[in-house]
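What TrEMBL records for this protein:
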BINDING   GLY11, GLY12, GLY13, HIS14, ALA15, GLY16  FAD binding site
BINDING   270-284  NAD(+) binding site
Amino acid sequence: MKFNYDVLVIGGGHAGCEAAAASANMGAKTCLITMDMNKIGQMSCNPAIGGIAKGQIVREIDALGGQMGIVTDKTAIQFRMLNIGKGPAVWSPRAQCDRGKFIWEWRTILDHTDNLDIWQDQADELLVANGEAIGVKTIWGAEFYAKSIIITAGTFLNGLMHVGRKMVEGGRCAEPAVHNFTESITRWGITTARMKTGTPVRIDKRSVHFEDMEEQPGDSDFHQFSYMGEHRVLKQLPCWTCYTNKKVHETLKSGLADSPLYNGQIQSTGPRYCPSIETKLVTFPDKDQHPLFLEPEGEDTNEMYLNGFSSSMPMDIQLNALHEIPALRDAKIYRPGYAIEYDYFDPTQLKHSLESKIIKGLFFAGQVNGTTGYEEAGGQGTVAGINAALHCVGDKTFEMNRDESYIGVLIDDLTTKGVDEPYRMFTSRAEYRILLRQDDADARLTEKAYELGIAKRDRYDWWIEKKEATGRIIEFCTNYPIKKDEINPKLEALGTTPLRAGCKLIDLIARPHLNLTNLSEIIPDLKAALETPANRKEEITEAAEIKMKYKGYIERERLIADKMHRLEDIKIKGRFNYSELHEISTEGRQKLERIDPETLAQASRIPGVSPSDINVMLVLLGR
């Protein structure tokens with residue numbers, strides 16, 4: 001049988017779900033091909049969304065009209081705002097989710113998305129003609145043809161799982177690996193390599209001694225992931241913390257000879273920032289303990305996830321080590337931890353649109369680009385879905401700069417620097433953190449998404465309402481006069497220095513210990529102004545306060561970003577024959593030839609390309 005679509009999405013994980021939803025919502029006739037329709041949006045590892053920098057990505061996906069934030073809010077069983085004791089540039093939302101409900105919500109959204117079909121099958125061969133992707137064949141013999149194809153295969157391409165010396169082919173526990181498909185891609189000149197990741201044991205909570213653990217509750221405030229919808233009061237489930245000890249370490253060390261990470265069985269590179277417990281022991285031999293976090297998998301299950309105990313050690317070693325922890329001395333497990341090796345493709349062979357430089361109409365998103373994490377995958381999927389839909393009608397691509405979003409930073413890092421280990425996003429990777437806050441992703445992206453057609457009218461209207469309400473509060477504070485004689489006793493009661501002269505209200509807000517909330521308790525007119533918005537008062541108040549309190553920092557970073565834009569505007573693709581550009585360094589010439597950057601700014605970020613190389617190129621361009 002043959003089927004015709006505008007866009008095909010291969011793989012129903014976090015990248016695939018966002019890609020399929022994005023392209024369909026833009027009007028492209030889309031088909032999502034997945035091996036199991038009942039595991040769409042599966043949280044393969046920890047049952048949580050967000051975290052440091054990752055939470056910002058989810059808010060950006062939402063601002064673009066994506067679905068991850070909406071699904072997370074509907075299925076959250078605990079919410080926390082991380083880094084709240086630091087500046088707002090690094091505040092990061094995180095939620096524990098009900099794993100089963102998360103899948104159900106994603107399936108419900110996709111089932112009710114116009115222009116989207118789902119087909120349960122396994123892609124077996126990529127079809128290419130005249131340098132352009134035209135379709136795929138499946139193992140059941142179906143042929144799908146399309147103008148754009150997005151590969152979001154996760155860890156399934158030639159996946160190989162390890163528990164001790166035991167090796168099983170598969171893309172996830174008890175799920176088959178995909179063979180042949182990688183080879184049908186690489187025969188056209190696309191480069192592949194192997195990476196490794198892992199996951200910990202799952203524990204039966206009925207066997208846990210919670211009295212020997214420390215409870216970690218969630219936050220009870222207005223924050224959530226999606227800019228849409230009303231805040232709901234969560235019935236929050238706690239997480240629990242405990243630690244490994246010397247006996248645990250001794251047990252684990254006794255099995256290192258059978259560890260696939262250390263007996264030569266696994267050759268691939270694993271994630272630096274999410275190491276296995278055995279890697280922690282080898283890397284940090286002086287540490288007597290390591291923290292562990294026991295996280296609920298859902299409201300109606302006894303299954304719990306042991307964060308910090310990822311392992312591919314033999315099953316008996318894993319279980320015996322767990323039993324040396326007081327709280328887990330009687331622990332029963334549902335399944336052991338395991339490692340998995342899988343294929344990924346060199347992301348420097350991609351454009352910023354995530355389209356292949358080698359095969360037209362072929363896009364890649366998620367772990368197949370060398371990243372790790374649901375959020376990183378979802379962000380890439382959103383961009384790939386948008387651009388795949390645009391490719392169908394020949395429109396200009398949608399790309400984001402590094403000062404516009406963490407997704408933009410992520411894609412620029414992948415396509416410019418490449419990866420030699422699983423890439424995970426951190427706030428430290430972004431040079432414009434104060435411009436990429438979790439509170440203002442809608443300000444950065446929603447208007448663009450609305451113009452593209454992916455963000456719907458209700459989302460755009462809410463953004464305009466928030467923008468205007470925030471502006472009114474800032475204008476009020478900028479113009480409202482403060483008389484020192486009236487305010488000083490109240491300031492002293494708040495523990496802050498009295499005024500020497502009158503000022504505007506915005507000057508008080510700049511003080512570290514003052515905010516709109518406590519000032520509204522002593523300034524009735526401010527309280528009335530904050531109560532004016534009809535919806536989401538707390539969110540609007542927070543956005544206005546951050547803009548006022550950090551105004552100088554925001555303006556300074558904006559100036560720096562604007563200067564870099566001058567280099568972003570200088571397009572260099574196709575303007576140099578790098579092999580003959582002997583005025584620059586040999587390393588720079590080799591890197592530029594391999595990556596072939598789009599702009600001079602991208603060239604400046606390639607490792608090995610020096611500032612003097614950039615200056616030479618500027619001179620040759622007549623700048």
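Cβ coordinates come from backbone N, Cα and C, glycine included.
What you are looking at is a predicted structure, and each value in this text was computed from that prediction instead of being measured.
The structure, with features from TrEMBL marked on it.
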| residue | record | CB count, 10 Å |
| --- | --- | --- |
| GLY11 | FAD binding site | 31 |
| GLY12 | FAD binding site | 30 |
| GLY13 | FAD binding site | 30 |
| HIS14 | FAD binding site | 33 |
| ALA15 | FAD binding site | 34 |
| GLY270 | NAD(+) binding site | 22 |
| CYS274 | NAD(+) binding site | 19 |
| GLU278 | NAD(+) binding site | 25 |
| LYS280 | NAD(+) binding site | 18 |
| VAL282 | NAD(+) binding site | 15 |
SER276 (NAD(+) binding site) CB neighbourhood, other CB atoms within 10 A: 26
Which same-chain residues, if any, lie at least 6 apart from ARG272 (NAD(+) binding site) yet have Cβ under 8 Å of it: GLU421, PRO422, ARG424
Which of GLY16, PHE284, all binding-site residues, has a Cβ with the fewest other Cβ atoms inside 10 Å: PHE284
Residue among binding-site residues GLY11, HIS14, GLY16 with Cα closest to the Cα of PHE284 (NAD(+) binding site): HIS14
DSSP state at GLY270 (NAD(+) binding site), helix/strand/coil: coil
Shell of the FAD site beyond GLY11, GLY12, GLY13, HIS14, ALA15, GLY16, same chain only (C-beta within 8 angstroms of their C-beta centre): VAL9, CYS17, GLU18, ALA19, THR34, ILE40, GLY41, THR152, ALA153, GLY154, ALA365, GLY366, ALA377, GLY381
Assigned element (helix, strand, coil) containing GLY13 (FAD binding site), judged by DSSP: coil
Residue pair GLY11 (FAD binding site), GLY270 (NAD(+) binding site) - Cα distance, angstrom, rounded: 22
Integer Å distance between the CA atoms belonging to HIS14 (FAD binding site) and SER276 (NAD(+) binding site): 23
Nearest of the binding-site residues (CYS274, LYS280, VAL282) to HIS14 (FAD binding site) - Cα to Cα: CYS274
